[in-house]
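Heads up, the thing below is written out as structure tokens.
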Amino acid sequence: MAVSASELVSIIVPVYNAAEYIDATINSVIEQTYTSWELILVDDCSNDGSDEIISKIISEFESEQKNEDQSIIFLKNKENSGAAKTRNNGIDAARGRFIAFLDADDIWHPDKLQNEILFMQKHDASFVFSGYEFGDENAVPTGKVVHVPKKLDYNAALSRTVIFTSTVLIDTDKIDKELCHMPEIGSEDTATWWNILGSGVIAYGLDQALVTYRRPAKSLSSDKNTAVKRIWNLYRNHAGLTPISASIYLFLWAFRATYRRVVTDTFQNHLESVRRFTVVQLSTLGLLINTIIYAYTWFESYYPAISAIRISQDGYVFGAGLKLYFKGHILILFIYFALLLFCSKQVGATKTGYFKPINIFASETTAIIVTNAITYFQLSLMRNWLLPVRPILKTVFWQFIAALIWSFVADAIFRRVFPPSETLIISDGDLASLWEKFDSRKDRFNILKTMNLTSGIEQIKKECLRWYGSIVVGEMDSVSKNEIVDFCYRHYIRVYILPDIQDIILQASDQMNLFDAPMLEIKEYSVRWDTRCIVRLMDSLLSGIMIVLVFPLWISRFVFSKGTEKGSIIKTQCVGKDEKVIELHSFGGKEKNKLSHVNNRLPVLFDVFIGKMSIFGPKAVTVHDAEISKKHNIKYSYRFRVKPGIISYADVYSTEKTSDMDKLKMDIYYIQNYSISLNLKLLLLYVKKVMNT
């Protein structure tokens, strides 16, 4: 830890009739990862046996104590004095540089002190407070979390009571210890924070729930009238505000409290619905902007050409042009919008907020190019002759500009409305790699904690009930995974699952309704015969066209590199469909960059044309590599149920850090979900990825 053990924290706990809860409260301090502290318990004349419980805990603690930097001090008031006087007695007895407060029925999370000390050092702060979560009478989290602002000054504190006493940490080297003493009035803690902030101190908020605020069911309907009277008295009698100023601050205080309790809670309950609606609206608005740009080109350039009298170059009149009325123009623009929407959905351009803005822009450029290319030939057919290309190129240019700007604007709006989800990662595998994977998307996930399965299922379930917006379930045995997923589903908790191969196979199964019980069918071969025929036809056509286009390049390569390695054809034995050995062809020569790599692999187009390979499919592997992989994982053979391809699902979605197991899962996912539409989607995504690089 970055903090010296000599930096003592004095923890002040006022105790009054807390026999039911004090044991758990003290243990939450003992379990702190920050090890230099003194716990000062001040009993305010309890009559429920709290003092006996505390004495017993102290005796057990001292007999087992291993750290000299930790101590528990028990003080007793001579008469019942109230919370303020009781805390002040604890402050007077404090020896530490730092002072923290903890109510006798609240629970600190184990890393509370450590996180706040480090946060205080990072911001050179003297006053730190954190977020907290609500718990029931057993301190079981209810899922409700109170977030805190990054900074809070005196004026801001007057309009919002956001500082919770059990979260506060104060550095008495920078703040006069006398300011920490609490006045003996109602809401004494709030008055104390105002005193400190009124001296010019800025409070820094750590927006992480580090405390569980225990609220028994009987206290959930607290007296709002009493709260209003207390805050009014603080404004008038403690802060010394005029009636007008006090009224303004009281209105702001009441508005914030109402907004937090009513509007925010309702928003959280329907968060995903609101999120999806927002994404749809942002994406739709971007598509409408591009459609408006196209509409200008349509009315300014292409409709006049299509509606004009058609005359050949030798003067022959073909007839009148195509005349459209209002509904006809609307139909033309609607078709364009629908085509742009389809292409955008296929390449992920409608996933605003889920993908990074630069990736959204790359997806939109692909959709724009494809849509405008199809539209250009569509309009040319309407005129029976090729239209000028320049207007559509201008349209593409301005749409690129609009897409670039809007992708970042829409992302900023989304981030403003939806902050990253607070995430818990659970796995029995490599937690570090999982953390790195999800932490690479800080815009979507705020990783707060990781837990190994060795922590125990019950402890994991308890942790899941905290404030997390989502739970990530990584590698683990199926029994534990099913139990955790079932628990989260039962408690309305969002779960992200990193599937194993069995999950992927099951996901692609077909639902059967043969009798009065649900049944899933997992086919031994998932590709339909008609799909295979169409794919084979597409392979022949696309590879044939590509061969014709690149054939002159091959001839020149043979002529100018004759007798060298660069001009030779290399045959490589690879594993094909059903694990049959096939020979694939490539050019020789060194591969200095991606361009030379692609150039050397061009002869595989012949292998596609004759049926050894496909345009789409798992990446081809050599016989030697396949044998090694099958020894490590027998399920590696699953990827050979279709022909190897030039463009693979793993090529599109993987990165340099993607593990071999994850690539295998991608290949099996592709095979189990094999379809023509998926192949077309991969083609668009592959084009996008090439443009991105």
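Just so you know, glycine gets a Cβ as well, placed from its N, Cα and C.
TrEMBL annotations: computationally assigned, not manually curated.
Not measured: the values here are computed from a predicted model.
Note on the domain 'Glycosyltransferase 2-like' (10-141): mean pLDDT across this stretch is 91. Sequence annotations record features per position, and here TrEMBL assigns domain 'Glycosyltransferase 2-like' to 10-141.
Beyond the ends of the transmembrane segment (240-259), by six or more residues, the same chain brings 158-161, 228, 231-232 to within a C-beta distance below 8 angstroms of the stretch. TrEMBL lists 240-259 (among others) with the feature transmembrane segment.
The transmembrane segment annotation in TrEMBL covers 279-299 (among others).
Annotation source TrEMBL lists transmembrane segment at 324-342 (among others). Long-range neighbours of the transmembrane segment (324-342) within the same chain, counting only residues 6 or more positions beyond its ends whose Cβ lies under 8 Å from a Cβ of the stretch, are 287-288, 290-291, 294-295, 298-299, 303, 307, 350, 367-368, 371, 374-375.
TrEMBL lists 354-376 (among others) with the feature transmembrane segment.
The transmembrane segment feature in TrEMBL is assigned to 396-414 (among others).
If you look up TrEMBL, you'll see 533-555 (among others) marked as transmembrane segment.
Per TrEMBL, the feature domain 'Bacterial sugar transferase' maps to 601-691.
According to TrEMBL, the transmembrane segment annotation covers 668-687 (among others).
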Next on the checklist: Quick check: do the transmembrane segment (354-376) and the transmembrane segment (668-687) share at least 3 Cβ pairs under 8 Å, counting only pairs 6+ apart in sequence?
Outcome noted: yes
Checklist entry - With DSSP helix as H/G/I and strand as E/B, how many residues of the domain 'Bacterial sugar transferase' (601-691) fall in helix, strand and coil? => result 59 helix, 8 strand, 24 coil
Item to check | Remote residues contacting the transmembrane segment (279-299) - C-beta distance under 8 A, at least 6 residues beyond either end | outcome: 329, 332-333, 336-337, 340-341, 344, 349-354, 364, 368, 372, 375, 391-392, 394-395, 398-399, 402-403, 406-407, 410, 413-414
Checklist outcome for this item: With the cut-off at Cβ under 8 Å and a gap of six or more residues from its ends, the chain residues touching the transmembrane segment (668-687) are 343, 346-348, 366-367, 370, 501, 504-505, 507-508, 526-527, 531, 534-535, 538, 615-618, 635, 638-639, 641-642, 647-653
Checklist entry - Using DSSP, how many residues in the domain 'Glycosyltransferase 2-like' (10-141) fall into helix, strand and coil? => result 46 helix, 36 strand, 50 coil
Checklist entry - Residues of the same chain, at least six outside the transmembrane segment (396-414), with any C-beta under 8 angstroms of its C-beta? => result 278-279, 282-283, 285-286, 289-290, 293-294, 352-353, 356-358, 360-361, 364-365, 368-369, 372, 443
